[in-house]
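A quick write-up on the structure given underneath.
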Amino acid sequence: MRVVLASRNEAKLTELRRILAASGLSVELVALPDGEEVAETGTTFAENALIKARAAADQTGLPAVADDSGLAVDELSGMPGVRSARWSGRRDGTRVERDEANNALLLAQLDDVPPERRGAAFVCAAALVTPAGVERVTHGELRGVLLTEPRGQAGFGYDPLFLADGQTRTNAELTAAEKDAISHRGLAFRDLATLLREVLTS
């Protein structure tokens, strides 16, 4: 069964293929074909995930999955939240350059914040939408703290700054398998894989 991921982000596609395969789900996850970007107008991760999954299912006629994920920083009252990928305001350059700009701004905003007040959570809402109108949403969260400088070369986004509770290495220093086992996206998509199996076999 083919399922479309409502994203053209290759890093995310690779990550979700690993997670779904490890869940024992036999699906071919394909990237969203080229076309107009869908405006993420929701105010919550769940709303944005559903917006993207609905658009992908409409565009392709296939069951679609999408996620909206981000970083919620305690000291910033939950921001950057749904604006995590656009936090710095930079829209040009490569994804790596935009990630670096986001990280630099976040570090500047937390410059004088002591370690005990640098708590944060990675949050993910994962959505499944079928052409028949079935809609499901699952959630995952990973708590941790933000460091004062980036560490590690793996991962993407805010991974180099994020030290998950119980870990001695940042998300960007973990192997792919280690990160998948604890990540917010891994938690949400493992639950979604169960729903996907039920929907596709019903």
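Including glycine, each Cβ sits where the backbone N, Cα and C put it.
Keep in mind that what you see is a predicted model, and the values were worked out from it rather than measured.
Site annotation (Swiss-Prot): substrate is bound by Ser7, Arg8, Asn9, Glu10, Ala11, Lys12, Phe156, Gly157, Tyr158, Asp159, Lys179, His184, Arg185, and the candidate from Ser26, Ser69, Ser202 recorded at this site is Ser69. Taking CA atoms as the reference points, Ala11 (substrate binding site) and Asp68 (active site, proton acceptor) are 14 Å apart. Asp159 (substrate binding site) falls within a helix when secondary structure is assigned with DSSP. Local packing around the Cβ, expressed as the count of other Cβ atoms within 10 angstroms, is greatest for Ser69 among the binding-site residues Ser7, Ser69. Around the Cβ of Asp68 (active site, proton acceptor), a 10 Å sphere holds 27 further Cβ atoms from the protein chains shown. According to DSSP, Ser7 (substrate binding site) sits in a coil region rather than a helix or strand.
Distance noted between the C-alpha atoms of Asn9 (substrate binding site) and Asp68 (active site, proton acceptor) is 12 Å.
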